[in-house]
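Right, one structure below, let's go through it.
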Amino acid sequence: MAQQQMTSSQKALMLELKSLQEEPVEGFRITLVDESDLYNWEVAIFGPPNTLYEGGYFKAHIKFPIDYPYSPPTFRFLTKMWHPNIYENGDVCISILHPPVDDPQSGELPSERWNPTQNVRTILLSVISLLNEPNTFSPANVDASVMFRKWRDSKGKDKEYAEIIRKQVSATKAEAEKDGVKVPTTLAEYCIKTKVPSNDNSSDLLYDDLYDDDIDDEDEEEEDADCYDDDDSGNEES
């Protein structure tokens, strides 16, 4: 099959996809929704141990714009989520996914917003951090934000928020079983980087071709993500 000319955004996404498949982020699995479409990714997120989300299997969709990485992608949970920074339709509200415009009313610094040096790896790490440490100052779900603050400020004595999350976690187990996925429940299991094999060798061929297009200057220097670090603000209280 003849290969079509790849756009700069497709080249960037191909490089990122290969990097994430070879050096995955702990707690995530990345696949393409369609092998022929680099602009739509499916993400499986495993709930971090020692948090309310422990044992959960949450699916999400990342959609990239044509001008990526100059504009940010969107990140939408497909799994029903009750969280201060997740809208009812699953869209995640987080600074790193906001366009790089100067908006004093938002309360966000320009440095907190998207810029072309960000990538999927930093998005994934930001999302998993957000799950455990919600931003209650600018919530997407006001009711969830109020409920979370009550749970946090009461040190777990107000259990309404925790009970909703546990029910959602429990509901994801059937989906994990259907997908044949073993969800990690210990820190040791969670820290294992699961490589997702490509369905064929087409991505390798495309990846190799990138170096024939004089894009060696696009090499990214990415630090390996440290494994999940517990934080008291999101840990379960007994």
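Every residue gets a Cβ built from N, Cα and C, even glycine.
What Swiss-Prot lists as domain 'UBC core' is 8-174. This prediction places the mean pLDDT of the domain 'UBC core' (8-174) at 92.
Feature annotation from Swiss-Prot assigns active site, glycyl thioester intermediate to C93; the stated evidence is experimental evidence. Within the same chain, the residues at least 6 positions away from C93 (active site, glycyl thioester intermediate) whose Cβ sits under 8 Å from its Cβ are N85, I86, Y87, S138, P139, A140, listed in sequence order.
For 98-113, the entry in Swiss-Prot reads region 'Important for ubiquitin transfer'.
Here Swiss-Prot flags 194-238 as region 'Disordered'.
Residues or ranges marked as compositional bias 'Acidic residues' by Swiss-Prot: 206-238.
The feature phosphoserine is assigned by Swiss-Prot to S233, with experimental evidence given as support.
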